[in-house]
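Presented below is the structure to which this report refers.
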């Protein structure tokens, strides 16, 4: 049939059906989001809570914003902006570990050996891969 504007569709948030006639729901979402925005800044600036509490909380908050509201790329930009709170030494260390651990040759070798693919494939990848640099010699 035709769309009836007087009939409201239920809102699904966090897997729970919350109909519009709950007057408190928009207020709760608005004020809890505001409280989170004000509180997360203190958790991000305080180093002991930064990585274990603030980052996962902020990521979940922005993922929920992306799913619940049509606000464009804002949540994605804010998730990327979380990198501003990572210390430069930590970022350099994480980048080096990821580059060493997830280099194409290492990933291909790991997959080949884990899945019991023939030995020749792993050997071929290892021989074709560029030599790894020794960081102590550099």
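A Cβ is built for glycine as well, from the same backbone N, Cα and C atoms used for every other residue.
Unlike curated entries, TrEMBL annotations are predicted automatically.
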Among ranges 47-66, 67-86, whichever one TrEMBL labels transmembrane segment: 67-86
Given ranges 24-46, 93-115, the stretch to which TrEMBL attaches the annotation transmembrane segment: 24-46
Helix, strand and coil counts within the domain 'HTTM' (24-89) (DSSP): 58 helix, 0 strand, 8 coil
